Amino acid sequence: MILYRIGEIIHKHNSNIIFESQGIGYSLILPDPERVEIKQKCKLYLFEIKNEYQYATYAFKDFKERLLFVDLISLNGIGPRAAFNILNFGFEKVVALIAEGNAEALIEIPYLNPRMARLIVAELQAKWSKMISPKDAAKINETTNTLSEVKETLKMVGFKTKQIDGALSKISSTDDVEKMIEEAIKLMSTQNYESATA
């Protein structure tokens, strides 16, 4: 089993990337792809899924992220695609929520139902609470709460979830809710996003 490769990202389309290492191109699936840029040299940790339903190689920015992916797919009812979707929410955010036992916040992840969220917390909280400091967990959770407040406010104004997520991915996260709302609305307006009642 190949644990990692060092190379360069030569193409990126959504979560699908082409990663060149030692003259060989690898087709990989990378959660939260906004973290990497084309032509960026980096080390990616790999995990290959090969069965009758799927043949794919997932890539991760660090070993702990890969470890969480493996932990997630070991749980009953959570497959590779579901685990990928969870990590796409943001590795640090997910770890902080698991460490705090915050199943309610985990439910905000698209396609993650309450039963799965409670299962993740029940099975993984003890392990992952030891792998993140309380200070870091509190800081990440504060940012997550701010983003949730901004999202809910923008939904009430009439923007779609997809519009909001797209705008928030392009602005800096701060503890100033009003400023983030103003920046998000400005961005969506200038880029001619189509607004509609949620």
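Keep in mind that glycine also has a Cβ here, set from the backbone N, Cα and C atoms.
Secondary structure of the region 'Domain I' (1-61) per DSSP (helix as H, G, I; strand as E, B; remaining residues coil): 3 helix, 38 strand, 20 coil. According to Swiss-Prot, the region 'Domain I' annotation covers 1-61.
Marked as region 'Domain II' by Swiss-Prot on the basis of sequence analysis: 62-139.
According to Swiss-Prot, the feature region 'Flexible linker' maps to 140-144, an assignment based on sequence analysis.
Among the features that Swiss-Prot reports, region 'Domain III' is placed at 144-198, with the record citing sequence analysis.
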Structural state census, the region 'Domain II' (62-139) (DSSP three-state): 54 helix, 0 strand, 24 coil
Integer mean pLDDT for the region 'Domain III' (144-198): 75
